[in-house]
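Visitor: Below are the structure tokens for one structure; questions will follow.
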Amino acid sequence: MKIKTEHILTFLKIVAWLAFVGYAIKAGAQAVALVVGFIDPTLAEKLYEVNPLLLKLRQYNISFFVNAMSLVVFLSAITAHVWYLAIQLLSKLRLKTPFSRDVARRLEKIAFEILGIWLINIMGMSYFKWLEKSTGEQLGNLGIGDEFLLIAAIVYIVSQIFKRGIEINEENELTV
């Protein structure tokens, strides 16, 4: 059974690395699209990870375009960072002593970053709705939904369970 759990953790670490690399590439491509779109919008249309709806904003006001693209880049970058934190967590997790302060702290940090992604998404969607009213263009959404709030809550609850596990371990060590 122990070997199976170790294999699962190794698989999860590989998945976390793939997700991290994917979101890092996405954030980098979007950052390049932001810079190129600022300089030459016709060239930016041909780049990877460019939302043509956001490029239309440049016609109305360059600050609309820069703000919207910066928001998209930031969301991708912070999502990549959450996956990086997951990699660190999986690297620090030891099956013999899973309840450690470091693991609990990392879980809590991941929960707060996911909550931050959700909050930034809410603010970004409000900004996009304002842009839609101001320009008449349909911009769509940022691709992040309310599930991030649920995920943040679950990860936070797990971090609190880990903290309680640490307290129980410390009490058991004192009584022995």
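A Cβ is built for glycine as well, from the same backbone N, Cα and C atoms used for every other residue.
TrEMBL labels come from automatic prediction, so no person has curated them.
Annotation source TrEMBL lists transmembrane segment at 12-39, 59-90, 110-128, 140-158.
Let's see these features in context: how buried, what's close, how far.
Guide: Proximity of distant same-chain residues to the transmembrane segment (12-39), defined by a Cβ-Cβ separation under 8 Å and at least 6 residues beyond the stretch ends, is recorded for 47-50, 55, 58, 62, 65-66, 69-70, 72-73, 76-77, 79-80, 83-84, 86-87, 90-91.
Packing against the transmembrane segment (59-90) from elsewhere in the chain are residues 9, 12-13, 16-17, 19-20, 23-24, 26-27, 30-31, 33-34, 37-38, 51, 103, 106-107, 109-110, 113-114, 116-117, 120-121, 124, 127-128, 131, 134-135, 137, 139, 142, 144: each is 6 or more residues past its ends and has a CB under 8 Å from a CB in it.
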